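Here is what TrEMBL records for this protein:
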| type | residues | note |
| --- | --- | --- |
| TRANSMEM | 22-40 | transmembrane segment |
| TRANSMEM | 64-86 | transmembrane segment |
| TRANSMEM | 98-120 | transmembrane segment |
| TRANSMEM | 127-149 | transmembrane segment |
| TRANSMEM | 182-200 | transmembrane segment |
| TRANSMEM | 212-230 | transmembrane segment |
| TRANSMEM | 236-265 | transmembrane segment |
Amino acid sequence: MLYVLPYPVIDPVMVQLGPLPIRWYALSYIVSLVIGWLIARKLVQRDALWGGVARPRAENLDDLLVYVALGAVLGGRLFYVLFYNFSYFLANPLDIPAVWQGGMSFHGGMTGAALGAFVFARREKVLFLSVGDLVCSVAPIGLFLGRIANFIKPELWGRPTDAPWAMVFPGAGPDPRHPSQLYEAGLEGIALGLLMLVAARSGAFRRPGLASGLFLIGYAAARIFCEFFREPDPQLGFLFGGATMGMLLSAPLALVGGALVIFALRKKDFSRLEANHG
C-alpha cells in the first residue's frame, strides 16, 4: 500500500445544546423527512404526473409523514433486533428502545414505512400503490443522507482493500478499507434518486405500483452490489457462500419489485382498484 486517502475525522455530535447532543445521524433523519415532505407536496400538486390517478392530497401529507416516519423507526429497530443482534437483545431487552445508540435496519425501516403508508391509505381511502409510489420517489433522499451519516460516525465501513481510495477508519483497525458508505450513498441515494426522477417524468405515477417496483429493484441491486465491498456485521459475519444478511434481505425486495412492475405494466384499467379504495 503506497497511499490511502485520509479519513476526514468529523465529530459525530454536530452541536451540543446544553446537556442535549445534536448528532449528524439524527440530523440526517430530520432533514430527510423535511425535504421529502416538501418534494412530495410538489409531486402531488402536479396533475400531469398522475394522469387522473387518485393520490394523497397535499393537506394530508403531514399525516402521511407521521405514519411513515413512525413505521420506519419501529420497523428499522425491530428488524435490527431480530436479524442482526438477536442474542444480545435477548440478554439485554432494556436496550431495545435505545435507538439513539445506533442499530437500525433499512429493510425493516422500509417494511415499517410500507405498513404506515398502508394504514394511511386505508384511512384516507387512497390507493395504497399510489401512496407507495409517492413515498418511494422521495426515499432516496433519506438513503443518501443516512449513508453520509454512517460515514461521519463512522460505521458500516468496507472490507480491507489496496485500492488507492481506501481509508483507515477509526475503530476498524489498521487496515485500509473501502469507503462503502460512500458507494451506497452514490448508488442508493444519487443513482436511485435519478432513476425515480426519470420514472416520475416518464409517467410512472399513471401506473400505480410502477415507481414502487422500480425503487425496490433499484435498491436491491444497489445494496447487493455494495455488500461485496462492505464489511459484514461482526456478530453475524458471512452466512454461507460469501452471502451476507444484507444480501439475503435484499433479494426478496427485487422479486416483489419485479412483480409490481409486471402488474403495473400489464394492468389496463386501474379504476376498479381505485373504486375499492374510494
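Start at 1 and count along the chain as shown; that gives each residue its number.
Glycine residues also receive a Cβ, built from the backbone N, Cα and C atoms like all the rest.
All TrEMBL annotations are machine predictions without curation.
Owing to the predicted nature of the structure, the values given are computational and were not obtained by experimental measurement.
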Recorded stretch that, among 127-149, 182-200, 236-265, has the most CB pairs under 8 Å to the transmembrane segment (22-40): 127-149
Chain residues in Cβ proximity to the transmembrane segment (127-149) (below 8 Å; excluding those fewer than six residues from its ends, i.e. six or more beyond): 24-25, 27-29, 31-33, 35-36, 39-40, 43-44, 50, 53-56, 64, 68, 106, 110, 113-114, 117-118, 120-121, 181-182, 184-185, 188-190, 192-193, 196, 199-200, 204-205, 208-212, 214-216, 219, 260, 264, 270, 273-274, 277
For the transmembrane segment (98-120), sequence-distant contacts whose Cβ falls under 8 Å of one of its Cβ atoms, 6 or more beyond its ends: 23, 25-26, 56, 60, 63-64, 67-81, 83-85, 126, 128, 131-132, 135, 139, 143, 146, 153, 155, 219, 223, 246, 249-250, 253
